[in-house]
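Following: one structure in C-alpha coordinates, then a few remarks.
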(Lines of atoms letter the chains of each structure in order from A and count residues from 1; the text may use other names and numbers.)
(Lines give C-alpha, C1' and ligand atoms only; values in the text may rest on other atoms or scores of the structure.)
Protein backbone atom coordinates (compact mmCIF):
# COMPACT_ATOMS: atom_id res chain seq x y z
CA UNK A 1 0.00 0.00 0.00
CA UNK A 2 2.78 2.42 0.94
CA UNK A 3 4.61 1.52 -2.27
CA UNK A 4 1.51 2.32 -4.34
CA UNK A 5 1.09 5.66 -2.57
CA UNK A 6 4.74 6.47 -3.20
CA UNK A 7 4.39 5.62 -6.88
CA UNK A 8 1.26 7.76 -7.19
CA UNK A 9 2.96 10.61 -5.37
CA UNK A 10 5.96 10.30 -7.64
CA UNK A 11 3.83 10.41 -10.76
CA UNK A 12 2.06 13.53 -9.53
CA UNK A 13 5.37 15.15 -8.58
CA UNK A 14 6.96 14.45 -11.96
CA UNK A 15 3.83 15.57 -13.80
CA UNK A 16 3.85 18.78 -11.79
CA UNK A 17 7.43 19.53 -12.77
CA UNK A 18 6.64 18.67 -16.40
CA UNK A 19 3.54 20.89 -16.46
CA UNK A 20 5.33 23.81 -14.83
CA UNK A 21 8.25 23.39 -17.23
CA UNK A 22 5.94 23.27 -20.22
CA UNK A 23 3.85 26.19 -19.06
CA UNK A 24 6.82 28.49 -18.80
CA UNK A 25 8.80 27.15 -21.76
CA UNK A 26 7.75 30.07 -23.97
CA UNK A 27 8.40 32.79 -21.45
CA UNK A 28 11.58 33.18 -19.49
CA UNK A 29 11.66 35.52 -16.53
CA UNK A 30 14.31 38.16 -16.04
CA UNK A 31 17.46 36.23 -15.26
CA UNK A 32 20.67 36.47 -13.33
CA UNK A 33 23.18 33.85 -14.40
CA UNK A 34 26.67 32.98 -13.28
CA UNK A 35 29.12 30.34 -14.36
CA UNK A 36 32.11 29.60 -16.51
CA UNK A 37 30.29 29.92 -19.83
CA UNK A 38 26.86 31.57 -20.01
CA UNK A 39 25.00 31.08 -23.28
CA UNK A 40 21.71 32.44 -24.60
CA UNK A 41 21.12 29.87 -27.30
CA UNK A 42 19.82 30.54 -30.80
CA UNK A 43 16.01 30.58 -30.55
CA UNK A 44 16.07 31.27 -26.80
CA UNK A 45 14.59 34.50 -25.41
CA UNK A 46 15.34 35.89 -21.97
CA UNK A 47 13.62 38.93 -20.50
CA UNK A 48 16.77 40.85 -19.64
CA UNK A 49 20.03 39.30 -18.45
CA UNK A 50 22.55 40.06 -15.72
CA UNK A 51 25.45 37.69 -16.15
CA UNK A 52 28.72 37.13 -14.31
CA UNK A 53 31.11 34.51 -15.59
CA UNK A 54 34.12 33.57 -17.61
CA UNK A 55 32.40 33.92 -21.01
CA UNK A 56 29.02 35.37 -22.01
CA UNK A 57 27.68 34.35 -25.43
CA UNK A 58 24.43 35.67 -26.91
CA UNK A 59 23.12 33.70 -29.89
CA UNK A 60 19.43 34.25 -29.15
CA UNK A 61 17.44 37.26 -27.93
CA UNK A 62 17.86 39.29 -24.76
CA UNK A 63 14.55 41.14 -24.56
CA UNK A 64 15.78 44.00 -22.40
CA UNK A 65 19.18 45.05 -21.09
CA UNK A 66 22.35 42.99 -20.96
CA UNK A 67 24.71 43.80 -18.12
CA UNK A 68 27.34 42.06 -16.04
CA UNK A 69 31.02 41.20 -16.00
CA UNK A 70 33.03 38.50 -17.72
CA UNK A 71 36.38 37.60 -19.18
CA UNK A 72 34.84 37.83 -22.65
CA UNK A 73 31.44 38.84 -24.05
CA UNK A 74 30.29 37.87 -27.54
CA UNK A 75 27.02 38.86 -29.23
CA UNK A 76 27.02 36.61 -32.26
CA UNK A 77 25.51 37.42 -35.65
CA UNK A 78 22.20 35.79 -34.70
CA UNK A 79 22.15 37.53 -31.31
CA UNK A 80 19.82 40.43 -30.52
CA UNK A 81 19.70 42.70 -27.46
CA UNK A 82 16.58 44.87 -27.52
CA UNK A 83 17.79 47.17 -24.73
CA UNK A 84 21.18 48.54 -23.65
CA UNK A 85 24.48 46.73 -23.14
CA UNK A 86 26.50 47.69 -20.06
CA UNK A 87 29.34 45.31 -19.25
CA UNK A 88 32.86 45.11 -17.93
CA UNK A 89 34.88 42.54 -19.81
CA UNK A 90 38.32 41.51 -20.92
CA UNK A 91 37.06 41.57 -24.50
CA UNK A 92 33.73 42.43 -26.16
CA UNK A 93 32.69 41.50 -29.68
CA UNK A 94 29.37 42.53 -31.25
CA UNK A 95 28.43 40.78 -34.49
CA UNK A 96 24.67 40.92 -33.90
CA UNK A 97 22.23 43.74 -33.16
CA UNK A 98 21.81 46.01 -30.14
CA UNK A 99 18.72 48.22 -30.29
CA UNK A 100 19.79 50.48 -27.43
CA UNK A 101 23.07 52.05 -26.30
CA UNK A 102 26.37 50.30 -25.61
CA UNK A 103 28.34 51.60 -22.62
CA UNK A 104 31.25 49.32 -21.76
CA UNK A 105 34.70 49.10 -20.26
CA UNK A 106 36.88 46.41 -21.80
CA UNK A 107 40.38 45.38 -22.71
CA UNK A 108 39.49 45.18 -26.41
CA UNK A 109 36.32 46.08 -28.31
CA UNK A 110 35.22 44.98 -31.77
CA UNK A 111 32.07 45.85 -33.72
CA UNK A 112 32.05 43.36 -36.58
CA UNK A 113 30.92 44.14 -40.11
CA UNK A 114 27.55 42.52 -39.37
CA UNK A 115 27.23 44.28 -36.02
CA UNK A 116 24.61 46.99 -35.54
CA UNK A 117 24.21 49.39 -32.60
CA UNK A 118 21.08 51.46 -33.13
CA UNK A 119 21.85 53.77 -30.22
CA UNK A 120 25.09 55.43 -29.14
CA UNK A 121 28.44 53.81 -28.36
CA UNK A 122 30.62 54.72 -25.38
CA UNK A 123 33.72 52.58 -24.91
CA UNK A 124 36.73 52.71 -22.65
CA UNK A 125 39.19 50.14 -23.95
CA UNK A 126 42.74 49.27 -24.84
CA UNK A 127 41.94 48.85 -28.53
CA UNK A 128 38.78 49.53 -30.57
CA UNK A 129 37.80 48.29 -34.03
CA UNK A 130 34.61 49.61 -35.65
CA UNK A 131 33.58 47.75 -38.81
CA UNK A 132 29.80 47.77 -38.38
CA UNK A 133 27.02 50.32 -37.90
CA UNK A 134 26.45 52.79 -35.05
CA UNK A 135 23.21 54.76 -35.28
CA UNK A 136 24.17 57.55 -32.87
CA UNK A 137 27.39 59.09 -31.59
CA UNK A 138 30.52 57.11 -30.81
CA UNK A 139 32.82 58.04 -27.91
CA UNK A 140 35.98 55.97 -28.13
CA UNK A 141 38.51 56.16 -25.32
CA UNK A 142 41.36 53.83 -26.24
CA UNK A 143 45.08 53.60 -27.02
CA UNK A 144 44.25 52.42 -30.53
CA UNK A 145 41.11 53.24 -32.56
CA UNK A 146 40.41 52.00 -36.06
CA UNK A 147 37.42 52.74 -38.29
CA UNK A 148 37.21 50.12 -41.03
CA UNK A 149 36.02 50.92 -44.54
CA UNK A 150 32.70 49.20 -43.80
CA UNK A 151 32.04 51.27 -40.66
CA UNK A 152 29.00 53.55 -40.65
CA UNK A 153 28.46 56.00 -37.78
CA UNK A 154 25.34 58.17 -37.88
CA UNK A 155 26.56 60.83 -35.46
CA UNK A 156 29.90 62.22 -34.28
CA UNK A 157 32.99 60.16 -33.64
CA UNK A 158 35.03 61.32 -30.65
CA UNK A 159 38.31 59.59 -29.85
CA UNK A 160 41.04 60.21 -27.31
CA UNK A 161 43.37 62.93 -28.55
CA UNK A 162 46.54 60.97 -27.77
CA UNK A 163 45.26 57.70 -29.26
CA UNK A 164 46.53 56.06 -32.44
CA UNK A 165 43.61 56.75 -34.79
CA UNK A 166 43.09 55.10 -38.18
CA UNK A 167 40.24 55.81 -40.61
CA UNK A 168 40.12 53.44 -43.57
CA UNK A 169 37.32 55.36 -45.27
CA UNK A 170 34.40 54.90 -42.89
CA UNK A 171 31.09 56.69 -43.41
CA UNK A 172 30.52 59.22 -40.63
CA UNK A 173 27.35 61.33 -40.55
CA UNK A 174 28.73 63.87 -38.09
CA UNK A 175 32.23 65.10 -37.27
CA UNK A 176 35.39 63.24 -36.33
CA UNK A 177 36.83 64.92 -33.24
CA UNK A 178 40.03 64.34 -31.29
CA UNK A 179 38.77 64.87 -27.74
CA UNK A 180 41.35 65.55 -25.03
CA UNK A 181 38.77 64.84 -22.32
CA UNK A 182 38.62 61.17 -23.30
CA UNK A 183 41.09 58.87 -21.61
CA UNK A 184 42.95 55.97 -23.14
CA UNK A 185 43.52 52.43 -22.02
CA UNK A 186 41.05 49.83 -20.93
CA UNK A 187 41.60 46.94 -18.60
CA UNK A 188 41.93 43.20 -18.73
CA UNK A 189 39.75 40.84 -16.74
CA UNK A 190 41.31 37.43 -16.17
CA UNK A 191 39.67 34.36 -17.66
CA UNK A 192 38.02 32.70 -14.69
CA UNK A 193 37.57 28.92 -14.85
CA UNK A 194 33.93 27.85 -15.06
CA UNK A 195 34.28 25.38 -12.21
CA UNK A 196 35.19 28.25 -9.87
CA UNK A 197 31.85 30.04 -10.35
CA UNK A 198 29.86 26.81 -10.19
CA UNK A 199 31.74 25.53 -7.16
CA UNK A 200 31.31 28.80 -5.29
CA UNK A 201 27.55 28.90 -5.94
CA UNK A 202 27.15 25.28 -4.82
CA UNK A 203 29.20 25.91 -1.67
CA UNK A 204 27.14 28.96 -0.67
CA UNK A 205 23.88 27.07 -1.27
CA UNK A 206 25.12 24.10 0.76
CA UNK A 207 25.95 26.37 3.69
CA UNK A 208 22.54 28.08 3.63
CA UNK A 209 20.74 24.76 3.13
CA UNK A 210 22.57 23.19 6.06
CA UNK A 211 21.69 26.19 8.23
CA UNK A 212 18.00 25.83 7.33
CA UNK A 213 17.98 22.11 8.17
CA UNK A 214 19.88 22.62 11.44
CA UNK A 215 18.08 25.70 12.74
CA UNK A 216 14.58 24.85 11.47
CA UNK A 217 14.41 21.04 11.46
CA UNK A 218 10.66 20.80 12.07
CA UNK A 219 9.76 23.46 9.52
CA UNK A 220 12.13 21.91 6.97
CA UNK A 221 10.56 18.48 7.49
CA UNK A 222 7.07 19.88 6.88
CA UNK A 223 8.27 21.55 3.68
CA UNK A 224 9.60 18.19 2.54
CA UNK A 225 6.32 16.44 3.36
CA UNK A 226 4.21 19.11 1.66
CA UNK A 227 6.17 18.93 -1.60
CA UNK A 228 6.04 15.13 -1.55
CA UNK A 229 2.35 14.79 -0.61
CA UNK A 230 0.90 17.78 -2.50
CA UNK A 231 3.23 18.69 -5.38
CA UNK A 232 0.52 20.06 -7.66
CA UNK A 233 -0.97 22.21 -4.92
CA UNK A 234 2.49 23.43 -3.90
CA UNK A 235 3.35 24.45 -7.45
CA UNK A 236 -0.01 26.17 -7.93
CA UNK A 237 0.35 28.18 -4.73
CA UNK A 238 3.93 28.94 -5.76
CA UNK A 239 2.74 30.48 -9.03
CA UNK A 240 0.19 32.60 -7.17
CA UNK A 241 2.80 33.74 -4.66
CA UNK A 242 5.36 34.50 -7.38
CA UNK A 243 2.86 36.72 -9.17
CA UNK A 244 0.90 38.07 -6.20
CA UNK A 245 3.72 39.19 -3.90
CA UNK A 246 5.43 41.54 -6.41
CA UNK A 247 2.06 42.95 -7.49
CA UNK A 248 1.14 43.60 -3.86
CA UNK A 249 4.47 45.32 -3.22
CA UNK A 250 4.02 47.55 -6.27
CA UNK A 251 0.53 48.53 -5.13
CA UNK A 252 1.94 49.26 -1.68
CA UNK A 253 4.31 51.80 -3.23
CA UNK A 254 1.31 53.99 -4.14
CA UNK A 255 0.69 54.80 -0.47
CA UNK A 256 2.46 57.63 1.36
CA UNK A 257 4.84 55.41 3.33
CA UNK A 258 4.77 52.60 0.79
CA UNK A 259 8.01 53.18 -1.11
CA UNK A 260 10.40 52.29 1.76
CA UNK A 261 8.24 49.30 2.63
CA UNK A 262 8.17 48.23 -1.01
CA UNK A 263 11.96 48.37 -1.27
CA UNK A 264 12.33 46.38 1.95
CA UNK A 265 9.67 43.98 0.72
CA UNK A 266 11.47 43.26 -2.54
CA UNK A 267 14.71 42.62 -0.64
CA UNK A 268 12.86 40.20 1.64
CA UNK A 269 11.18 38.57 -1.37
CA UNK A 270 14.57 38.04 -3.02
CA UNK A 271 15.81 36.25 0.11
CA UNK A 272 12.57 34.25 0.26
CA UNK A 273 13.03 33.24 -3.38
CA UNK A 274 16.54 31.97 -2.62
CA UNK A 275 15.32 29.95 0.36
CA UNK A 276 12.37 28.62 -1.66
CA UNK A 277 14.69 27.45 -4.44
CA UNK A 278 16.87 25.58 -1.95
CA UNK A 279 13.91 24.01 -0.15
CA UNK A 280 12.44 22.90 -3.49
CA UNK A 281 15.68 21.24 -4.54
CA UNK A 282 16.16 19.52 -1.20
CA UNK A 283 12.55 18.29 -1.07
CA UNK A 284 12.61 16.81 -4.59
CA UNK A 285 15.95 15.12 -3.84
CA UNK A 286 14.56 13.74 -0.56
CA UNK A 287 11.55 12.28 -2.39
CA UNK A 288 13.82 10.66 -4.99
CA UNK A 289 16.04 9.15 -2.29
CA UNK A 290 13.02 7.72 -0.46
CA UNK A 291 12.10 5.81 -3.61
CA UNK A 292 15.42 4.01 -3.10
CA UNK A 293 14.58 3.42 0.60
CA UNK A 294 17.04 6.09 1.72
CA UNK A 295 15.72 8.64 4.20
CA UNK A 296 18.52 11.05 5.07
CA UNK A 297 17.95 14.79 4.99
CA UNK A 298 21.66 15.62 4.87
CA UNK A 299 22.19 13.37 1.88
CA UNK A 300 19.14 15.00 0.29
CA UNK A 301 20.79 18.38 0.88
CA UNK A 302 23.94 17.36 -0.97
CA UNK A 303 22.12 15.57 -3.79
CA UNK A 304 19.62 18.39 -4.24
CA UNK A 305 22.05 21.30 -4.19
CA UNK A 306 24.84 19.69 -6.18
CA UNK A 307 22.58 17.80 -8.60
CA UNK A 308 20.25 20.67 -9.44
CA UNK A 309 23.19 23.08 -9.46
CA UNK A 310 24.78 21.06 -12.26
CA UNK A 311 21.46 20.60 -14.08
CA UNK A 312 20.96 24.36 -13.96
CA UNK A 313 23.91 24.80 -16.32
CA UNK A 314 22.00 23.10 -19.15
CA UNK A 315 20.76 25.82 -21.54
CA UNK A 316 16.99 26.45 -21.40
CA UNK A 317 16.14 23.13 -19.71
CA UNK A 318 18.24 23.98 -16.66
CA UNK A 319 16.42 27.26 -16.17
CA UNK A 320 13.02 25.59 -16.48
CA UNK A 321 13.95 22.88 -13.96
CA UNK A 322 15.13 25.57 -11.54
CA UNK A 323 11.85 27.43 -12.04
CA UNK A 324 9.83 24.28 -11.30
CA UNK A 325 11.73 23.52 -8.07
CA UNK A 326 11.47 27.18 -7.04
CA UNK A 327 7.67 27.14 -7.45
CA UNK A 328 7.42 23.90 -5.46
CA UNK A 329 9.50 25.36 -2.64
CA UNK A 330 7.73 28.72 -2.60
CA UNK A 331 4.27 27.13 -2.59
CA UNK A 332 5.23 24.66 0.14
CA UNK A 333 6.56 27.47 2.34
CA UNK A 334 3.28 29.37 1.94
CA UNK A 335 1.17 26.29 2.71
CA UNK A 336 3.20 25.37 5.80
CA UNK A 337 3.09 28.93 7.14
CA UNK A 338 -0.70 29.01 6.73
CA UNK A 339 -0.98 25.62 8.42
CA UNK A 340 1.19 26.74 11.33
CA UNK A 341 -0.86 29.90 11.76
CA UNK A 342 -4.10 27.93 11.83
CA UNK A 343 -2.59 25.45 14.23
CA UNK A 344 -1.51 28.16 16.65
CA UNK A 345 -5.01 29.62 16.53
CA UNK A 346 -6.67 26.27 17.23
CA UNK A 347 -4.34 25.55 20.14
CA UNK A 348 -5.52 28.58 22.10
CA UNK A 349 -7.80 27.43 24.94
CA UNK A 350 -11.07 29.34 25.33
CA UNK A 351 -11.38 31.45 28.43
CA UNK A 352 -13.75 30.02 31.08
CA UNK A 353 -17.20 31.57 31.07
CA UNK A 354 -18.00 33.88 33.98
CA UNK A 355 -21.47 33.44 35.42
CA UNK A 356 -23.39 36.58 36.16
CA UNK A 357 -24.77 37.10 39.69
CA UNK A 358 -28.33 36.82 38.34
CA UNK A 359 -27.62 33.41 36.79
CA UNK A 360 -26.08 32.27 40.08
CA UNK A 361 -29.10 33.43 42.08
CA UNK A 362 -31.52 31.70 39.68
CA UNK A 363 -29.60 28.44 39.89
CA UNK A 364 -29.55 28.65 43.70
CA UNK A 365 -33.27 29.34 43.75
CA UNK A 366 -33.94 26.36 41.53
CA UNK A 367 -31.93 24.18 43.85
CA UNK A 368 -34.04 25.34 46.82
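From the backbone N, Cα and C atoms, a Cβ is placed for every residue, glycine too.
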Transmembrane segment range according to TrEMBL, out of 163-181, 296-314: 296-314
Where TrEMBL places transmembrane segment among the ranges 320-338, 339-357: 320-338
Within the domain 'DUF8173' (199-334), how many residues are helix, strand or coil going by DSSP? 119 helix, 0 strand, 17 coil
Name the range, of those listed as 237-257, 263-289, 320-338, that has the largest tally of Cβ pairs under 8 Å with the transmembrane segment (296-314). 263-289
Hey, does the transmembrane segment (195-216) touch the transmembrane segment (320-338), meaning at least 3 C-beta pairs closer than 8 angstroms, sequence gap 6 or more? no
Outside the transmembrane segment (263-289), at least 6 residues beyond either end, the same-chain residues with a Cβ under 8 Å of its Cβ set are 9-10, 13, 17, 205, 208-209, 212-213, 220, 223-224, 226-228, 238, 245-246, 249, 252, 295-297, 299-301, 303-305, 307-308, 322, 324-330, 332-333
If I take every residue in the domain 'DUF8173' (199-334) and average their pLDDT values, what number comes out? 87
